[in-house]
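Student: One structure is given below, represented as structure tokens, and several questions about it will come after.
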Amino acid sequence: MGRKSVRAKEKKQKRLEERAAMAAVCAKVQAANQLGDPLGAFPVFKKFDRNGLNLSIECCKVSDLDQKTIDWAFELTKTNMQLLYEQSEWGWKEREKREELTDERAWYLIARDELAALVAFVHFRFDVECGDEVLYCYEVQLETRVRRKGVGKFLVQILQLMANSTQMKKVVLTVFKHNHGAYQFFRDALQFEIDETSPSVSGCCSDDCTYEILSKRTKFGDTPHSHTGHCAGCCH
């Protein structure tokens, strides 16, 4: 009985510690989501003035975007990504993509040129993935005329900056393997690594899975998390 009692107490203590750890993770995510402007402390990053471009960049929640901007973001995503989705096991589903872009948890980086024309956006969220507090990048979409001028790299670097300032452990994103340009961009130019939750590492999907999950750790995520059980979020 004595041994069973000790084991029971140890299990209870472990559960309490796990709950406390998850509560701390959720608190960080909630604090990040309550910010008015995560980019506000870094005004120098609100301008991109190089390679013939003069862009202004703002960070806001989806609730602060007008319908015209939301429609533009959807159409740009469709133009850039529909074929890639159709070549994957996911397929292209317009209703689901629009719902994803307009989810109440969505944050945006919006880039405009000197005439206030919309030229690029990033859709991201502060969230919990597999027990870790993360900044999850859903979309990085650019109009053709501003590509290959450093805009995409600059926007992702902003994500890394905000992830550090909000004490997230890493920036995470999903990329199609057959989207060779994007895959090389994140792996080579930005030094993202294949995440431990990616199908090719976790073994959760077959070998012909068409996507990888990539990540880049912040200064708060130096030690990889030891996951148990299924991946799930909180704070919703």
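Each Cβ is built from the backbone N, Cα and C atoms, and glycine gets one as well.
Pasting the feature list from Swiss-Prot:
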type: LIPID; residues: G2; note: N-myristoyl glycine
type: DOMAIN; residues: 63-217; note: domain 'N-acetyltransferase'
type: BINDING; residues: Y85, D127, V128, E129, Y138, T174, Y211; note: substrate binding site
type: SITE; residues: E139; note: site 'Essential for catalytic activity'
type: BINDING; residues: V140, Q141, L142, R148, K149, G150, V151, G152, K153, N179; note: acetyl-CoA binding site
Student: Can you give me the same-chain residues 6 or more apart in sequence from T174 (substrate binding site) with a CB-CB distance under 8 Å?
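Tutor: Counting only residues 6 or more apart in sequence, the Cβ neighbours of T174 (substrate binding site) under 8 Å are Y211, E212, I213, L214.
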Student: What is the one among the recorded positions E129, E139 whose Cβ has the most other Cβ atoms less than or equal to 10 Å away?
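Tutor: Highest number of other Cβ atoms within 10 Å: E129.
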Student: Rounded to whole angstrom, what's the largest C-alpha distance between any two of Y85, D127, V128, E129, Y138, T174, Y211, listed as binding substrate?
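Tutor: Across Y85, D127, V128, E129, Y138, T174, Y211, the widest Cα separation comes out at 25 Å.
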Student: Could you check which of the binding-site residues Y85, D127, V128, E129 is the closest Cα neighbour of V140 (acetyl-CoA binding site)?
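Tutor: Answer for the nearest of the binding-site residues: Y85.
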Student: Restricting the comparison to the recorded positions E139, L142, K149, V151, K153, which residue's C-alpha is spatially nearest the C-alpha of E129 (substrate binding site)?
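Tutor: Spatially nearest to E129 (substrate binding site) by Cα position is E139.
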Student: Hey, does DSSP put V151 (acetyl-CoA binding site) in a helix, a strand, or just coil?
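Tutor: In the DSSP reduction, V151 (acetyl-CoA binding site) maps to helix.
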Student: Validating a neighbour-count step here. Other CB atoms within 10 A of the CB of V128 (substrate binding site): how many?
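Tutor: Here the count is 21.
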Student: Specify the secondary structure state of Y85 (substrate binding site) as given by DSSP, simplified to three classes.
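Tutor: In three-state terms, Y85 (substrate binding site) counts as helix.
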Student: Near Y85 (substrate binding site), which residues of its chain come within a Cβ-Cβ distance under 8 Å, counting only those 6 or more away in sequence?
Tutor: G91, W92, K93
